[in-house]
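What follows is one structure encoded as structure tokens, with my remarks underneath.
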Amino acid sequence: MVKFSKELEAQLIPEWKEAFVNYCLLKKQIKKIKTSRKPKPASHYPIGHHSDFGRSLFDPVRKLARTFSDKLFSNSEKPEILQVRRRRGSSETGDDVDEIYQTELVQLFSEEDEVKVFFARLDEELNKVNQFHKPKETEFLERGEILKKQLETLAELKQILSDRKKRNLSGSNSHRSFSSSVRNSDFSAGSPGELSEIQSETSRTDEIIEALERNGVSFINSATRSKTKGGKPKMSLRVDIPDAVAGAEGGIARSIATAMSVLWEELVNNPRSDFTNWKNIQSAEKKIRSAFVELYRGLGLLKTYSSLNMIAFTKIMKKFDKVAGQNASSTYLKVVKRSQFISSDKVVRLMDEVESIFTKHFANNDRKKAMKFLKPHQTKDSHMVTFFVGLFTGCFISLFVIYIILAHLSGIFTSSDQVSYLETVYPVFSVFALLSLHMFMYGCNLYMWKNTRINYTFIFEFAPNTALRYRDAFLMGTTFMTSVVAAMVIHLILRASGFSASQVDTIPGILLLIFICVLICPFNTFYRPTRFCFIRILRKIVCSPFYKVLMVDFFMGDQLTSQIPLLRHLETTGCYFLAQSFKTHEYNTCKNGRYYREFAYLISFLPYFWRAMQCVRRWWDESNPDHLINMGKYVSAMVAAGVRITYARENNDLWLTMVLVSSVVATIYQLYWDFVKDWGLLNPKSKNPWLRDNLVLRNKNFYYLSIALNLVLRVAWIETIMRFRVSPVQSHLLDFFLASLEVIRRGHWNFYRVENEHLNNVGQFRAVKTVPLPFLDRDSDG
């Protein structure tokens, strides 16, 4: 049977862990009570009380007598063992705050210090739970009211657009707004009268906007004026994210409802913008739907919070009764049940209301469909996945041993064949090997995050029912590696069987083509949600300045900075097959080309450039100067990478000095950011020396070892300036080994980066995502 302390640890919300009942602390206090209580002489107890300590032959008789006396006398005549008083607390400003509970002991326990300490801590835990629950409940209730207003606004907008569409289909000629005439008129030859009319109509539009804002309705980027390519002025009024052209005819409306209706009517009065408006409405609807899902999730977490804490109080009081030999739980639990976090039913009622609203507006009155959105069920771990992981791991090891034997027997690495083999096979197979290693490290990250209760799905904003799990990551990695080694074995067998080199050397290209087809396959096979999510993130990284940067975006950007050798191998592979060098076996066609050599700089710069642009975008959105400082880290890395490439081609003392200077500066920059910013370590004032106050791993030595390991792997670039004289095969293997070390370092870095982000969420009790709403209410926005 699982102990409740472990069950509580497994079920509690990680981000709210500090707000839960400290069950372990109370349990330790009960153990202290048990050890401190010793048998006392009978004279120390009140008349009529029998000691519970010691055994005798008369115990059954005494028990029967106590039972008979309990039935004989009414319970009202029994004195209370304890009394829990409730009072109003006060803040520093003197205002009343939450209710405070305080237990007063009477009779037996008034003389026992350990019992006093226990109930004092129990009161603290009860007050802590109430003080956390009430603000959270208020926050969710206010969020629910805002979402209902947003939904009403959305419904009215949809109705106006629908009515407008019906009028257009029926052939009725609706009156065009002033903004439509502005777009259709030629202002290059406009008269002063036309300009004055424009100004008067514009002022009327501004008056309507001001009137609406005075009554609490705000428009995002209201009354923004711009010019089209033809020089025609245009007014953009945004209620949502749409750039809809606005105008108004007549004076200010008599009421806010009328003004809103007039303004919305004008927003959709242009037939040309019907498609755009519907698209914007759909975008707003998607945001509101996501907000309702997050609200329901938050309410569910708060409900779980209440129930788990109630169970914890019940369990701990039963333990106390067992140790003390008294029935103190009934009195205290009555108070707990009357406290705010249990007695309030607002959360449950709001959950029911959200279910009905979501079913009606977003699921076509299909409750089953609605609950799939509100309560997505995560698929259970399949033993079949574990079986295939083991199967492919065994296949990979067997095929790799076969490959080594065949390579030795065929003499593929002799001086006559090694250049041909390395130029055709090494780049493509290295791509898959590095990718598989990265996937394996990511699987290790997922395993560690799960075991340490780090909520990575919330941090990365993954859907819980489609998020990749560690077994799936291991399956993908072992599948890739088995396929790669199988292709290498087939390549050697066909090469030794007398097939033409041009035919055999197409095998790596075929393998790469299969991988690309699997990646973009539209069918729901082989983890389609994960594949498409990966493609979307890559698109956002490539266009990083133009997209809002989320945690998962810059996390993936950091992964790319560790895969520059993989990108260089892709460059070589692309040139090799596009130039059809596999037919002529002229391997130096690419390497000696000027464009190929210059493209190497671009490939090495791109991951750092994308990451720097993400920092710029985050600085633009958040106005945090730390993002600009972080951008400097990637700029220094770009400089160091470019200097190293040049030094590999221009081997002289000048470039050696530049490599040393640029690499040392970049490494110090990166190490500081790794330890202080990304990991949150090296805090001299921390209670854990040179670490941080909160640690997920219990053994502090892991953090010190990780700091040392990251330091060693960060300076692996020193190999590039040592000028080892090795053969081409050894040189390629050394490059692959260093690239693998960087992938391992990145996987090691990933755990502590996400751990630090998780602890930031814990410190702010952030367990629910805040979805930005489409319609801005000035009063609610503050």
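Glycine is no exception: its Cβ is also placed from the backbone N, Cα and C atoms.
According to Swiss-Prot, the feature compositional bias 'Low complexity' maps to 170-188. Per Swiss-Prot, region 'Disordered' is recorded for 165-202. According to Swiss-Prot, the region 'Important for inositol polyphosphate binding' annotation covers 315-322, on the basis of similarity to another entry. The site 'Important for inositol polyphosphate binding' annotation in Swiss-Prot covers Y23, K27, and the record cites similarity to another entry as its basis. The topological domain 'Cytoplasmic' annotation in Swiss-Prot covers 1-386, 445-473, 528-593, 640-782. Residues or ranges marked as topological domain 'Lumenal' in Swiss-Prot: 408-423, 495-506, 615-619. Residues annotated as transmembrane segment in Swiss-Prot, with sequence analysis given as evidence: 387-407, 424-444, 474-494, 507-527, 594-614, 620-639.
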Including all protein chains displayed, how many Cβ atoms other than that of K27 (site 'Important for inositol polyphosphate binding') lie within 10 Å of its Cβ?
16
Set of same-chain residues at least 6 away whose C-beta sits under 8 angstroms from Y23 (site 'Important for inositol polyphosphate binding'):
F4, S5, L8, A312, K315, I316
Recorded stretch that, among 387-407, 507-527, 620-639, has the most CB pairs under 8 Å to the transmembrane segment (474-494):
387-407
Local backbone state of K27 (site 'Important for inositol polyphosphate binding'), from DSSP in three classes:
helix
Let me spell it out: take the transmembrane segment (620-639), skip the flanking residues so only those 6+ beyond its ends count, and list any with a Cβ under 8 Å from a Cβ in it.
548-549, 561, 604-605, 608-609, 611-612, 662, 665-666, 669-670, 673, 677
When counting Cβ pairs under 8 Å to the transmembrane segment (424-444), the leader among 387-407, 507-527, 594-614:
507-527
Looking only at residues six or more beyond either end of the topological domain 'Lumenal' (615-619), which have a C-beta under 8 A from one in the stretch?
544-545, 547-549, 554, 625, 627-628, 630-631, 634
Report, as numbers and ranges, which residues of the same chain sit near the transmembrane segment (594-614): CB under 8 Å and 6 or more residues beyond its ends.
541-542, 544-545, 549, 553-554, 557-558, 560-561, 563-564, 567-568, 571, 575, 631, 634-635, 637-638, 641-642, 645, 649
In the same chain, who gets a Cβ under 8 Å from the topological domain 'Cytoplasmic' (445-473) while lying at least 6 residues past its ends?
9, 14-15, 376-379, 381-382, 385-386, 389, 439, 527, 529-530, 533, 550-552, 555, 696-697, 747, 750-751, 754-755, 757-758, 761, 767, 769
Integer average pLDDT (0 to 100) for the region 'Important for inositol polyphosphate binding' (315-322):
92
Report the DSSP secondary-structure composition of the topological domain 'Cytoplasmic' (640-782) as helix, strand and coil residue counts.
96 helix, 1 strand, 46 coil
